[in-house]
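Peer 1: Here it is: the structure, laid out below.
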């Protein structure tokens with residue numbers, strides 16, 4: 001019985017890894033010194049050549065025992081669809097009339113257009129140049145989409161299409177998340193509808209654009225949404241049910257924004273102190289009640305970031321109206337010949353000033369990120385340990401409580417550079433180690449497993465592991481640790497970044513005489 005229990009713990013510990021590595025990879029158990037196979041397909045399916053039918057059933061039982069019955073039931077239904085659709089996707093990828101090297105590159109790199117990273121790059125600029133309503137709407141729609149999709153991913157814990165038979169192409173670390181629903185599909189559809197609404201208003205209400213620009217813009221937005229959604233199928237990153245539900249969520253979130261936009265804006269401007277007293281608790285509750293997944297999934301960090309940005313945008317709008325900043329500063333216009341013919345000197349001067357605003361604004365956000373993170377990492381752990389002596393503090397799975405560590409490392413899950421301009425992470429390309437139309441093979445990151453019995457490791461830190469291929473062809477385990485202080489740190493840092501971008505920096509530009517609005 002003891003031997004069987006040890007075997008099952010080993011299977012539970014290592015099979016829960018998101019598997020994206022070659023089938024020949026093995027992991028050495030540090031306790032038994034036995035080699036445990038790490039399989040090439042998703043954590044919901046095992047090679048029958050390596051594990052028998054009974055063993056495969058044990059792996060399925062892991063999710064049934066870890067999840068409540070209603071979550072496990074929903075997951076089982078979606079998983080059956082994913083398994084069927086994986087075969088369809090594999091046959092689709094095998095057709096030469098569909099799969100082509102140029103299409104591989106096109107759909108691989110166009111997938112960045114559906115990420116929240118892509119949109120977050122431009123969000124501060126909308127506030128720097130006076131498009132506050134546009135920026136606030138973007139944040140509301142994106143934050144809602146990312147949070148709802150992340151919530152469902154961690155709630156259902158449904159895998160991406162199985163590998164093999166599917167060949168997967170991805171940029172960044174999106175393959176480390178669960179599959180259902182597709183956040184790319186949600187973001188692309190909601191953003192296409194959101195921008196279409198602005199283009200339509202500019203054409204029909206203000207006659208600011210011509211009919212040719214209007215129809216061209218609509219065609220481009222349709223192509224954009226179709227490219228991103230179909231690209232998730234083409235690259236093997238999502239199944240049909242993932243994308244269908246993602247598209248549905250995108251439509252629902254955009255529709256909800258259209259219905260609630262005016263009422264929410266009026267509430268922010270007229271509710272006075274009720275706004276912060278309501279928004280802050282709601283933000284903290286959304287973070288606290290985000291579902292706990294079976295595996296450590298980065299969805300939670302995305303959800304924290306966007307909920308916090310939405311909090312910061314709401315608080316900045318409330319404060320700018322409440323204090324009168326909105327009328328005195330945010331309506332100022334950048335220097336330039338208003339309504340007159342622009343000379344070359346005027347154009348160069350305007351663009352120089354615009355570049356200075358962007359550069360200084362991004363640098364200020366960088367500095368805030370670094371300083372706030374460092375300060376909070378010094379203050380929060382001792383504070384949590386003090387409170388833990390008198391109260392039972394909330395604890396999230398995979399996050400080490402402050403009572404189990406003394407010092408946080410310099411680099412933890414909250415990196416000094418904001419995620420919305422973390423370009424190196426955006427450009428990291430990985431693929432399943434399988435011959436594809438691109439040719440060649442590539443190593444990839446792999447999802448991590450929990451420590452034994454869900455307990456902290458020897459040094460008191462929870463972690464998830466990843467397998468990275470070295471230049472010599474061997475694999476090593478890379479540990480990723482999470483700390484409870486990181487959660488509140490992210491909330492404060494991202495909310496502060498939003499407040500700086502939406503109010504602090506525009507007011508500073510107005511005080512410097514640089515203006516906010518371009519005209």
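Cβ coordinates are placed from backbone N, Cα and C, and glycine is handled just like the others.
Bear in mind that the values here come from a model prediction, so they are computed numbers and not experimental data.
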Peer 1: TrEMBL lists transmembrane segment for one of the ranges 177-197, 240-260, 303-323; which is that range?
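Peer 2: The range carrying the transmembrane segment annotation in TrEMBL is 240-260.
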Peer 1: TrEMBL tags one of 408-441, 442-475 as region 'Disordered' - which one?
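Peer 2: Feature region 'Disordered' in TrEMBL: residues 442-475.
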Peer 1: Looking at 328-349, 350-371, I want to know which stretch TrEMBL calls transmembrane segment.
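Peer 2: Checking TrEMBL against the ranges 328-349, 350-371, the transmembrane segment one is 350-371.
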Peer 1: State the residue range annotated as transmembrane segment by TrEMBL; the candidates are 213-233, 381-401.
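Peer 2: It is 213-233 that TrEMBL annotates as transmembrane segment.
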Peer 1: Suppose I define contact as three or more CB-CB distances under 8 A, residues 6 or more apart in sequence; do the transmembrane segment (350-371) and the transmembrane segment (491-516) meet it?
Peer 2: yes
Peer 1: What stretch in 213-233, 240-260, 266-287, 491-516 has the biggest tally of Cβ pairs under 8 Å against the transmembrane segment (138-156)?
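Peer 2: Per the Cβ count, the answer is 240-260.
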Peer 1: Which residues of the same chain, at least 6 past either end of the transmembrane segment (213-233), have a Cβ under 8 Å from a Cβ in it?
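Peer 2: Same-chain contacts beyond the flanks: 89, 92, 106-108, 110-111, 113-114, 182, 184-185, 187-189, 192, 195-196, 199-200, 202-203, 239-240, 242-243, 246-247.
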Peer 1: Going along the chain, which residues at least six beyond the ends of the transmembrane segment (266-287) come within the CB cut-off of under 8 Å?
Peer 2: 147, 303-304, 307-308, 310-311, 314-315, 317-318, 321-322, 487, 491, 495
Peer 1: Give the mean pLDDT for the domain 'Phosphatidic acid phosphatase type 2/haloperoxidase' (136-258) on the 0 to 100 scale.
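Peer 2: Here the mean pLDDT over the domain 'Phosphatidic acid phosphatase type 2/haloperoxidase' (136-258) amounts to 89.
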